[in-house]
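This structure is in structure tokens; I'll ask about it shortly.
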Amino acid sequence: MALSLDLASPDSRPRVAPPAPAERAGDKPSLIGLDREGLAKALEDVGVPQKQLRMRVTQLWHWLYVRGVSDFSAMANVAKDLRQRLDEAYSIARPEIVEEKISTDGTRKWLFRFASRGAGRPVEIETVYIPEEGRGTLCVSSQVGCTLTCTFCHTGTQKLVRNLFPDEIVGQVLTARDRLGDFPDAATPAGAIVPSEGRLISNVVMMGMGEPLYNYDNVKQALSVVSDGEGLSLSKRRITLSTSGVVPMIPRAGEEMGVMLAISLHAVTDELRDKLVPINRKYPLEELLAACRAYPGLSNARRITFEYVMLKGVNDSMADAKELVRLLKGIPAKINLIPFNPWPGSPYECSDWDQIERFADYVNQAGYASPIRTPRGRDIFAACGQLKSESERLRKTERVALEGIAMPADWGHEHAR
Ligand code: SF4
């Protein structure tokens, strides 16, 4: 564990409430990620009269989330004097893009840096864009590092630095849309691989760095902004929150956020899951699956996705497949089989391809969709479980060694866990 935290009690989990502007010493508070009430309060604080608040909130919301501006001076229908006051008091800037890597398959990975908060230091996180036919998925981070230590996950080796704030979570979506030219009047970069029709970012998955249910309030607020019908307007059916299994928070997430749920399952016995996903020691399989069965809104049209990383000789036997089907009985579910993506020092190997297919066939014949994740962005370390931002970068020798691991060209997967 990176930090000494009692994960058993939801009340003692690391919660960071969205900061009030006054709490942000040393930098201008961001207007990004505030709800309408918060935005109205911010406007009131710079002298906007009460009777204008609603109209001004609507104007700003449109500029921020429909037009995607990152500079107050672009807000043409806002009086110059008000734009100036807003600029003096607040920020709508994007994070710094430290690095942008583009895979040969079109997957993009950004290393974003967020300014320091108060006495804290600037932090860096990774966000990944995966274009496919008919959809573009953005994999968003919720924490810098992670308190959990799932043994197959590279992020799990990076200590938790802090939770991300709503502006930093929404900022990942806005900046990705900037870079893809996905706002009105913006052009998509020449040669970019994007879906041939529809929105360039059509889906958001909270599957990047961190455990989103340990940053509940900030994630909830950010997702309410991302799904707001008058702004970024992403349907909740196209937003997926992935958890390693923070059982006490699952019903609340279903009721309050109403987004799609994914579970990092990866094992079908407590004995093994205790090792692969150590939060299982607090919330064992029986409790986790009971929470899934009771997930609000669960139906065949709103299935739960179970992520299952394929580890050679560890969790990939036919007995495992059989037990998986037995465990999930009665839960409308889809099972994503994820060929393991190695990282330097990782203790596992990816299952043989034939075995993955046999496993998938069995699960599929039992009536569950069981797609095998196609490899995305392996050449830029953007694949599932490979995200890590710390300054502890790969040494060149490690990178060369990793890139030299012989695997079929079509292996890998898109999600960070
Ligand atoms: S899989 Fe998710 S919860 Fe587990 S260590 Fe990685 S980022 Fe944390």
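Even glycines carry a Cβ here, placed using N, Cα and C.
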Checking feature assignment: region 'Disordered' per TrEMBL, candidates 1-29, 233-261, 378-406. Which range matches?
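My reading of TrEMBL: the region 'Disordered' range is 1-29.
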Look at each of the binding-site residues, Ser242, Ser264, Asn341, and point out the one with the fewest other Cβ atoms around it within 10 Å.
Ser242
So for Leu265 (S-adenosyl-L-methionine binding site), how many other CB atoms are inside 10 Å of its CB?
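There are 29 such Cβ atoms around Leu265 (S-adenosyl-L-methionine binding site).
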Among the recorded positions listed here (Glu126, Cys146, Cys150, Cys153), which has the Cα closest to the Cα of Gly210 (S-adenosyl-L-methionine binding site)?
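Going through Glu126, Cys146, Cys150, Cys153 one by one, the Cα closest to that of Gly210 (S-adenosyl-L-methionine binding site) is Cys146.
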Cα of Ser264 (S-adenosyl-L-methionine binding site) to Cα of Cys150 ([4Fe-4S] cluster binding site): how many Å, rounded?
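Cys150 ([4Fe-4S] cluster binding site) has its Cα 10 Å from the Cα of Ser264 (S-adenosyl-L-methionine binding site).
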So, three-state DSSP: helix, strand or coil for Cys146 ([4Fe-4S] cluster binding site)?
coil
Give the number of CB atoms, excluding that of Cys146 ([4Fe-4S] cluster binding site) itself, located within 10 Å of its CB.
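The answer is 28.
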